[in-house]
Amino acid sequence: MVTQAKIGILGGSGLYKMDALKDVQEISLETPFGNPSDAFIVGNLEGVSVAFLARHGRNHHLIPSELPFRANIYGMKQLGVEYLISASAVGSLKEEVKPLDMVIPDQFIDRTHHRVSTFFGQGVVAHIGFGHPICPQLAAILGEAVKSLALPEIDLHQGGTYVCMEGPAFSTIAESNLYRSWGASIIGMTNLQEAKLAREAEIAYATLALVTDYDCWHQDHDHVTVEMIIDNLHKNAINAQKVILETVKRLDKNPPVSEAHSALKYAILTPREQIPAETKEKLSLIINKYL
Ligand SMILES: CSC[C@H]1O[C@H](OP(=O)(O)O)[C@H](O)[C@@H]1O
Ligand SMILES: Nc1ncnc2[nH]cnc12
């Protein structure tokens, strides 16, 4: 049995490790969906066992379209993760959401076009509810953690829509303005698939989005480039670790009940006896309790 952790962290651009993690074990997992982005780092965060994964790999070698989303989420499930916190770099689509601010989105718009975002198929059909794609309880704890830190000059925006684009190129001005006209707050390239797969795996998921830029719509700011956001990525990585540490402590003290933990209860349509044995085996970790 591999070491278990109830809380998982997906580190995005800029956040490739958690400095406060002690007694770490590197765990390389194989999953029925291939290899995750990197080894999981399981360790002790002020007395709480957590599993950390750098979603682009610790050396940032995977573009968003190459991310093994299913393997990453399945790996978290294998480690026993029930609450998953994503830390992600995002561009701002609203004037009042400024670089270095934090956003805890509650909605997504999917603008990706060639990604697999389900564990189902191959003889088993399931449709999870995804009206509320982010776990509200976990998002609330993240928000309380941010507020408790009172980080100078950093505003917290609780709620908002995250546009998930394919990338890796950034948006055109026309696209950026279109997303603004839809009322979206932030744009990134990674969180939608994770949120969907986490829900299918009955893991509560929430995003701590760390703003690096104003994308390309703002007339008073240069269009986003990697070079111009490096500094903000570093600053955000420091702040993200503070927020995660505080969130983990609160979660450990009061783990909330989340609807995500029973998301599959009414989702599986295929008569159990019709599900191919191979598929049952492949998805056993996720569907066994409903067979
Ligand atoms: C470094 S800018 C673009 C890159 O950053 C975000 O990654 P992550 O969500 O893993 O922090 C964005 O989604 C893009 O992948
Ligand atoms: N402007 C932007 N668009 C997409 N992903 C991003 N990640 C950080 N900034 C971004």
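Any Cβ shown, glycine's included, is placed from N, Cα and C.
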Quiz item: Out of Thr172, Thr190, Thr225, Thr247, which is the one TrEMBL records at the phosphate site of Ser13, Arg55, His56, Ser88, Ala89?
Solution: Thr190
Quiz item: Of Ser13, Ser88, Ser171, Thr190, the recorded positions given in the record, which has the fewest other CB atoms within 10 A of its CB?
Solution: Ser171
Quiz item: Which ones, of the binding-site residues Arg55, Met189, Thr190, Asp215, have a Cα no more than 10 Å from the Cα of Ser171 (site 'Important for substrate specificity')?
Solution: Asp215
Quiz item: Of Ser171, Thr190, Asp213, Tyr214, Asp215, listed as recorded positions, which ones have a Cβ less than 6 Å away from ligand 1?
Solution: Thr190
